[in-house]
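Asker: Annotations for this protein, taken from TrEMBL, read as follows:
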DOMAIN    23-277  domain 'Nodulin-like'
TRANSMEM  89-106  transmembrane segment
TRANSMEM  156-177  transmembrane segment
TRANSMEM  183-203  transmembrane segment
TRANSMEM  224-243  transmembrane segment
TRANSMEM  255-281  transmembrane segment
DOMAIN    359-567  domain 'NFD4 C-terminal'
TRANSMEM  368-386  transmembrane segment
TRANSMEM  392-414  transmembrane segment
TRANSMEM  435-455  transmembrane segment
TRANSMEM  461-481  transmembrane segment
TRANSMEM  493-518  transmembrane segment
TRANSMEM  538-559  transmembrane segment
Amino acid sequence: MAKNAATASAAVTPSLSRGTWWKWLGFVTAVWVQCVSGNNYTFSNYSDALKSLMGLTQLQLNNLSVAKDVGKAFGLLAGLASDRLPMPAILLIGSLEGLIGYGAQWLVVRRAIAPLPYWQMCVFLCMGGNSSTWMNTAVLVTCIRNFRRNRGPVSGILKGYVGLSTAIFTDISAALFPDNPAAFLLLLAIAPAAICAAAMLFLRDFPPADGDSGRDEEEEEEGRCFAAINTIAVVIAVYLLAFDLAPGVVRGGGVAAISAFVAVLFLLLAAPASVPVYVAVKARIARNSKLDLEERSEPLLHAEEKEEEVEKEKEEVVAVAGDEAVVLAAAAAAAAAAAAEAEAEGKRRGPRIGDEHTIAEALSTTDFWVLFISFLCGVGTGLTVMNNMGQIGAAMGYADVSVFISLISIWGFFGRIGSGTLSEYFLKKNAIPRPLWNAASQILMAVGYVVMALALPGSLYIGSVVVGVCYGFRLAITVPAASELFGLKYYGLIYNILILNLPLGSFLFSGLLAGLLYDAEATKTAGGGNTCVGAHCYRLVFFVMAFACLVGFGLDVLLTVRTKKVYLRIHMNKNSKRSAAAAAAAAAGDRTVKS
């Protein structure tokens with residue numbers, strides 16, 4: 001009886017005995033890295049300073065933002081390095097690039113040095129943009145490998161905090177040094193380097209444990225921890241949103257109110273650290289309880305009872321072994337036949353969608369390019385709004401556009417974090433393919449662009465919210481979808497190939513479309529720049545982007561149909577493992593009760 005009780009105690013907490021709190025500590029540091037890796041979306045906060053200081057037209061300014069986004073194209077290097085370099089080295093490269101790229105821009109805007117030639121500014125913006133790809137690659141690849149049974153929530157949380165990053169930078173800057181783009185750029189240069197230095201100590205790969213024992217409980221435990229981090233993130237988002245809607249309350253309260261706002265924000269950002277502490281404490285309690293139970297139970301076992309129990313267990317083992325031998329032999333034969341058939345089929349036709357793909361195999365599939373182009377339609381247009389929000393707000397008569405930048409960031413967070421949880425829930429429950437959620441976000445984003453094109457009162461607020469949510473949905477859904485369709489082995493590189501859509505979309509929709517159409521409507525200003533005021537400045541841009549989103553919607557629907565069987569297989573696999581784990585736990589409980 002004591003032996004069975006001890007075995008049952010060990011089975012209750014199998015996952016807690018593997019030092020998983022280190023894995024969770026790594027995840028929390030990954031969250032903090034994501035909190036500072038959204039610097040690529042903050043261009044509108046200092047773009048006007050660059051435009052006036054360098055005497056640029058809107059086309060020239062937009063091409064600077066394209067140079068920033070071209071840095072994402074060099075994320076392919078981060079993808080290649082993710083399989084060859086340790087994660088601390090990848091974080092170090094990203095932090096140094098950001099320090100140099102944003103540091104040079106800070107020197108120019110602060111006027112510590114003369115304005116650099118245009119091509120040199122493009123290089124430094126490109127470095128700043130590329131820095132985030134190294135940070136994102138390090139945390140996404142590591143965390144999805146560490147929590148491969150919860151890819152949706154992992155992607156949603158990490159991408160969600162990237163969405164909050166812009167609002168965190170913007171609101172801290174607005175509170176501590178309003179209307180000071182130089183100080184804002186200094187914050188972009190220093191904060192990521194400091195956070196990445198801390199993350200280098202804790203972010204590492206943890207290979208999955210062998211066997212299925214305790215997997216179901218481990219997944220439930222992970223779900224509770226993810227829910228806690230999600231809740232903290234929502235509180236942070238609401239807190240930042242309250243500041244954006246009433247910034248005068250904080251600023252009007254003087255230094256004390258501003259200091260209190262920043263201090264509470266830092267406490268909320270530190271709150272996810274409570275999760276690994278909880279996991280460690282729970283593991284310690286579980287181990288102590290197991291030891292106490294064994295110490296109390298062992299002296300009570302008499303020799304006769306022990307002999308009877310041993311004999312009884314031998315009889316059970318012999319009886320079960322005979323049945324299991326037949327079942328295992330049949331299962332092994334079936335598995336061997338299936339493996340042989342799959343291998344022969346694979347040699348003839350290559351890997352199926354949903355299997356592990358090499359880069360060449362993934363690029364040769366229709367599904368990859370459908371995903372790539374639909375991703376372009378969503379993120380390319382969304383990035384155009386973010387890069388041009390300074391000029392969009394000014395054209396519509398708003399002197400301060402920081403509230404719109406923060407709205408896109410905060411609602412982008414809700415889109416990212418909500419998409420991961422919702423898509424995972426409905427995948428497990430109804431086998432709904434993740435690309436269907438992308439289709440829904442595309443059609444809603446098209447509606448948002450039409451609303452902004454109409455330029456009705458409050459339309460920019462509504463459009464900022466809609467674009468933020470849909471952009472966040474699109475980014476967070478595509479991350480786990482790519483790993484599910486093409487595998488995890490080369491995921492780092494596949495992810496960075498998809499991220500090529502950021503510079504490509506920025507060039508097509510922001511650099512060419514928005515830049516050329518704005519300059520066509522603008523009037524010249526002294527110093528060689530130009531300006532445009534009125535709803536007409538961006539109306540045609542919004543309508544063209546709405547049409548692009550409709551194209552993306554059609555492609556996402558097509559991908560949903562093509563991958564339906566893949567997600568049905570994933571759904572059945574998740575449910576079968578959960579049912580098997582539940583049956584094993586019930587059988588173990590019955591044996592313990594009988595003993």
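Positions of Cβ are set from backbone N, Cα and C atoms, glycine also.
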Asker: Short question: which residues 6 or more past the ends of the transmembrane segment (493-518) have a Cβ under 8 Å from it?
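Answerer: Residues packing against the transmembrane segment (493-518) from afar: 58-59, 61-63, 65-66, 68-73, 75-76, 78-80, 82-83, 129, 133, 137, 140-141, 357, 359, 362-363, 371-372, 375-376, 379-381, 383-384, 387-388, 391, 478-479, 482, 486, 532, 537-538, 540-541, 544-545, 548.
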Asker: May I ask for the residues of the chain that lie six or more residues beyond the transmembrane segment (183-203) and have a Cβ under 8 Å from a Cβ within it?
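Answerer: Same-chain residues near the transmembrane segment (183-203) but 6 or more away: 22, 25-26, 29-30, 32-33, 35-37, 39, 42, 45-46, 87-88, 91-92, 94-96, 98-99, 101-103, 105-106, 109-110, 128, 131, 135, 138-139, 142, 169, 172-173, 176-177.
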Asker: Can you check how the pLDDT averages out over the domain 'NFD4 C-terminal' (359-567)?
Answerer: 87
Asker: For the transmembrane segment (255-281), give me same-chain residues lying six or more residues beyond its boundaries with a C-beta closer than 8 angstroms to one of its C-beta atoms, as numbers and ranges.
Answerer: 16, 20-22, 24-25, 27-28, 31-32, 35, 168, 171-172, 175-176, 221, 225, 228-229, 232, 235-236, 239-240, 243, 249
